[in-house]
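J.: Provided herewith is a single structure, encoded as structure tokens, for subsequent inquiry.
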Amino acid sequence: MKIAVIGTGYVGLVTGVALSEIGHQVTCIDIDPNKVAELNQGIPTIYEPGLGEMMLRNQSAHRLFFTDQHEKGLDGAEVIYIAVGTPQRADGSANLQYVEQAARDIANNIRKSVIVVIKSTVPVGTNLHIKKIMNANTRPGIQVRIASNPEFLREGSAIHDTFRGDRIIIGAEDRETADVLEEINAPFGIPVLKTDLSSSEMIKYASNAFLATKISFINEIANLCEKLGADVEEVSRGMGLDHRIGMSFLRAGIGYGGSCFPKDTNALVQLAGNHHHEFNLLKSVIEVNNHQQRVLVEKMVARFGSLKGKRVAVLGLAFKPNTDDLRESPALVIIPKLVELGAEVITYDPIAANQGPRWINAPAAYTKNIAKALKDADCAVIVTDWPDIKRMEPETFAYFMKTPIVFDGRNCYSIAAVRKARIEYYSVGRPDVVPEVIR
Ligand SMILES: NC(=O)c1ccc[n+]([C@@H]2O[C@H](COP(=O)([O-])OP(=O)(O)OC[C@H]3O[C@@H](n4cnc5c(N)ncnc54)[C@H](O)[C@@H]3O)[C@@H](O)[C@H]2O)c1
Ligand SMILES: O=c1ccn([C@@H]2O[C@H](COP(=O)(O)OP(=O)(O)O[C@H]3O[C@H](CO)[C@@H](O)[C@H](O)[C@H]3O)[C@@H](O)[C@H]2O)c(=O)[nH]1
């Protein structure tokens with residue numbers, strides 16, 4: 001099948017590469033000529049394990065192309081995916097300007113009837129709105145059929161999720177369109193649920209909102225565990241053994257971040273509000289998360305009184321491991337707050353350190369060397385559970401730091417290992433560890 005993908009962000013690039021890997025002829029289009037130039041040189045524009053090799057393989061096999069010209073990229077396409085951003089507006093709602101522009105770009109350039117598939121996360125009703133825009137702008141006689149095919153990949157495991165995902169959702173306006181999409185996706189061998197357009201759009205928001213709810217729930221339990229002397233890791237394990245609950249998304253920490261959960265939960269609250277429905281549960285989920293991103297700083301202030309002049313090593317900038325994405329990372333909240341309180345901040349991230357100055361709105365130093373970050377620090381804060389941070393012996397903190405006081409937002413180490421290392425350790429939902437000598 002000849003396919004065009006509009007947008008080469010995370011979703012567009014992974015979609016284009018994956019569709020070419022299963023044998024389709026794919027052209028990805030982006031308005032950013034710099035991105036397209038890099039992609040044409042075989043350089044992936046996002047950090048995603050396994051993506052680069054797959055991209056190169058399909059470029060070499062002449063199944064995958066990149067262009068910044070809609071006319072060229074859309075020429076002859078039978079199916080066109082829209083995978084542009086839907087960022088958050090100031091009021092929390094989804095900004096559809098890029099999807100609308102992509103629709104106009106398609107309508108102005110196609111010369112034959114096509115199926116347009118919306119992969120971007122869009123509020124219920126958007127697919128029909130987009131179809132109207134295209135119908136108003138296409139040449140006479142050209143028919144556009146529309147389908148919703150939301151994306152469920154996670155950053156850092158996008159290839160795994162695309163080839164081994166739990167389900168593919170296809171919402172379409174008619175059965176024939178749904179069948180074409182099912183056929184395109186058949187080589188993935190993933191169960192397909194075919195549904196109507198509105199339900200498909202809602203499945204995406206409901207899934208993200210539910211996962212965010214699980215995280216805020218366990219974070220509230222963690223905060224309560226701290227007050228009651230329980231250990232949230234034990235509690236999660238004990239809860240998760242019940243198959244009705246499940247183990248996943250019950251890791252307590254410093255709250256969810258990233259390009260999706262914060263914006264999609266806000267958009268769903270807004271969408272509900274527009275239809276005179278107060279989504280109180282989801283509002284609380286968001287509120288709990290906003291507070292959770294600040295709990296480590298609260299613990300630091302409680303421990304030190306003042307942070308003025310303290311040298312703080314922040315370990316991890318990315319919102320999760322295996323990505324260089326800082327969108328809505330708790331680091332964006334924690335670092336400016338530490339600076340505001342007078343701390344001197346040095347940050348470490350193995351991949352995202354280069355992104356720091358672009359995203360962090362406060363003076364801080366950046367390094368890819370963990371020892372350099374820890375050297376002579378008064379305390380350390382763990383923001384991202386990168387494997388190299390988790391693998392580190394807790395004794396390392398005592399070796400490099402002025403005072404080995406660690407605030408761990410990701411519960412990277414067992415309490416037993418920390419006790420053995422004789423460091424002062426504050427994590428989330430677990431007992432504090434304060435060795436006698438330090439006390
Ligand atoms: N990032 C994720 O992990 C993820 C996962 C699932 C779903 N989603 C959803 O997928 C959508 C895309 O997310 P993303 O993170 O890939 O977005 P992004 O903002 O990183 O990338 C969008 C790309 O589209 C390009 N673009 C914008 N308008 C264009 C146009 N008219 N023609 C051609 N190119 C155009 C931009 O230049 C940019 O490169 C969003 O709706 C998001 O919510 C994202
Ligand atoms: O038990 C957990 C699981 C996750 N997180 C945090 O939640 C955020 C999101 O993590 P994750 O879901 O792994 O990453 P994303 O790449 O944002 O993926 C989510 O958002 C995407 C965009 O919509 C969806 O496609 C995915 O299905 C959905 O998991 C990160 O800050 C994690 O640290 C926790 O705090 N505890």
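If you go along the chain as it appears here, the first residue is 1 and each next one adds 1.
Just so you know, glycine gets a Cβ as well, placed from its N, Cα and C.
Heads up, TrEMBL stuff is auto-annotated, nobody curated it.
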J.: Among LYS308, LYS310, LYS320, find me the residue TrEMBL lists at the same substrate site as PHE152, LEU153, ARG154, GLU155, LYS204, PHE249, LEU250, ARG251, ALA252, GLY253, GLY257.
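T.: Within the candidate list, TrEMBL flags LYS320.
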J.: The NAD(+) site in TrEMBL lists ASP30, LYS35, THR121, GLU155, LYS263, ARG327. Which one of THR86, THR177, THR195, THR367 belongs there according to the record?
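T.: TrEMBL lists ASP30, LYS35, THR121, GLU155, LYS263, ARG327 binding NAD(+), and from THR86, THR177, THR195, THR367 it also lists THR86.
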J.: Using C-alpha positions only, work out which of the binding-site residues LYS204, LEU250, GLY257 is nearest to GLU155 (NAD(+) binding site).
T.: GLY257
J.: Taking the Cα atoms as reference points, how far is THR86 (NAD(+) binding site) from CYS260 (active site, nucleophile) in Å?
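T.: CYS260 (active site, nucleophile) has its Cα 10 Å from the Cα of THR86 (NAD(+) binding site).
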J.: So which binding-site residues out of LYS35, ARG154, LYS204, LYS263, ARG327 are up against ligand 2, CB under 6 A?
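T.: With ligand 2 as the reference and 6 Å as the Cβ limit, the list reads ARG154.
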J.: Give me the long-range Cβ neighbours of PHE152 (substrate binding site): same chain, 6+ apart, Cβ under 8 Å, in sequence order.
T.: ASP161, GLY165, ASP166, ARG167, ILE169, LYS204, SER207
J.: Averaged over the domain 'UDP-glucose/GDP-mannose dehydrogenase C-terminal' (313-415), what pLDDT does the prediction give?
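T.: A mean pLDDT of 96 is what the model gives the domain 'UDP-glucose/GDP-mannose dehydrogenase C-terminal' (313-415).
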J.: What counts of helix, strand and coil residues does DSSP assign across the domain 'UDP-glucose/GDP-mannose dehydrogenase C-terminal' (313-415)?
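T.: Tallied per class, the domain 'UDP-glucose/GDP-mannose dehydrogenase C-terminal' (313-415) gives 34 helix, 19 strand, 50 coil.
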